[in-house]
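Chemist: Heads up, here are the entries from Swiss-Prot:
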- Asp235: active site, proton acceptor (ACT_SITE)
- Ser12, Thr47: pyridoxal binding site (BINDING)
- Thr47, Gly234, Asp235: pyridoxal 5'-phosphate binding site (BINDING)
- Asp113, Thr148, Thr186: Na(+) binding site (BINDING)
- Asp113, Asn150, Gln151, Phe152, Glu153, Thr186, Ser187, Val226, Asp227, Pro228, Thr233: ATP binding site (BINDING)
- Asp118: Mg(2+) binding site (BINDING)
- Met1: N-acetylmethionine (MOD_RES)
- Ser59: phosphoserine (MOD_RES)
- Ser164: phosphoserine (MOD_RES)
- Ser213: phosphoserine (MOD_RES)
- Ser285: phosphoserine (MOD_RES)
Amino acid sequence: MEGECRVLSIQSHVVRGYVGNRAAMFPLQVLGFEVDAVNSVQFSNHTGYAHWKGQVLTSQELHALYEGLKANNVNKYDYVLTGYTRDKSFLGMVVDIVQELKQQNSRLVYVCDPVMGDKWNGEGSMYVPQDLLPVYREKVVPMADIITPNQFEAELLSGRKIHSQEEAFAVMDVLHRMGPDTVVITSSDLPSPKGSDYLMALGSQRMRKPDGSTVTQRIRMEMRKVDPVFVGTGDLFAAMLLAWTHKHPDNLKVACEKTVSAMQHVLQRTIRCAKAEAGEGQKPSPAQLELRMVQSRKDIEDPEIVVQATVL
């Protein structure tokens, strides 16, 4: 990579395992980025374990950290990456910081994973307070350049339901009009052309031509479903999409193929290791299902393409 590319990543931190900043920093560093991490929480482990302990950063503490960077004139970034946030005032402070950074650097790219909820058995539910939704809709998404919602989050943000691929792209057009040039719906319950064993993801990238007109590239990807429930995959996805869109800014197809293929390598390695540790016929524990990130370094750096994207 030519020159230094620096990312401010505001996400959660765990002592053990890989979620939030722990899932984002390693792949970004492997791919050549400098990463400055603000830990929105510091927990012993993710909350899928039986027990966890830790601390939560307040909006005032976030402001103090940023003011420290500013006082030393080192608040200069090429990218901002944000993920799970539970607190409205904290999210508001993130908005203020990103606005200021964008005023300093008009080329700064803000990558936002608008973590709000998901669908289980066809029913969607939010796992953050509902008062975060208007903040995402009115302030966060209009500032973002790249967003990575799942289907339920895309529906929440747009106020529209998705029952087909056509409706999904109509929702993505609504999201484009709100602000972001790149929208990737990371998972959906839409039927895949490859059958019920596959999960469908969709991407849309709006590009401006020199004459001022816009052209939109749309893609579809099908990934084989995996059995265990992993934690941190969304954080890993957003970080790698940041990296690969930086390296392929006008080719969402290639950026998504590299991102999703690297994800598949990490997940398959994690499944193999977890099953071996758990033993024959035993269900792996949350600790055994932690993403095998370090062991997947070469796959993250140069992924063999195992998932092809279809340009639509």
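Just so it is clear, glycine is given a Cβ too, placed from its N, Cα and C backbone atoms.
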Chemist: When the Cα of Thr47 (pyridoxal binding site) is compared with the Cα of each of the recorded positions Ser59, Gly234, Ser285, which one is closest?
Modeler: Ser285
Chemist: List, in sequence order, those recorded positions among Asp118, Ser213, Gly234 whose Cα sits within 10 Å of the Cα of Thr148 (Na(+) binding site).
Modeler: Gly234
Chemist: Could you measure between Gln151 (ATP binding site) and the residue listed as 'Mg(2+) binding site' for me? Cα positions, answer in whole angstrom.
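Modeler: Taking the Cα atoms only, Gln151 (ATP binding site) lies 8 Å from the residue listed as 'Mg(2+) binding site'.
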Chemist: Select the closest residue to the residue listed as 'Mg(2+) binding site' from the following binding-site residues, measuring between CA atoms: Ser12, Thr186, Asp227.
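Modeler: Result: the closest of the binding-site residues to the residue listed as 'Mg(2+) binding site' is Thr186.
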Chemist: Name the one residue among Ser164, Thr186, Ser213, Thr233, Asp235 whose Cα is closest in three-dimensional space to that of Ser12 (pyridoxal binding site); these are the recorded positions.
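Modeler: Of all the candidates listed, Asp235 is nearest in space.
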Chemist: Under 8 Å between C-beta atoms and at least six apart in sequence, can you list the same-chain neighbours of Asp227 (ATP binding site), or say none if there are none?
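Modeler: Sequence-distant Cβ neighbours: Ile271.
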Chemist: How many whole Å apart are the CA atoms of Glu153 (ATP binding site) and Ser59 (phosphoserine)?
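Modeler: One finds 24 Å between the Cα atoms of these residues.
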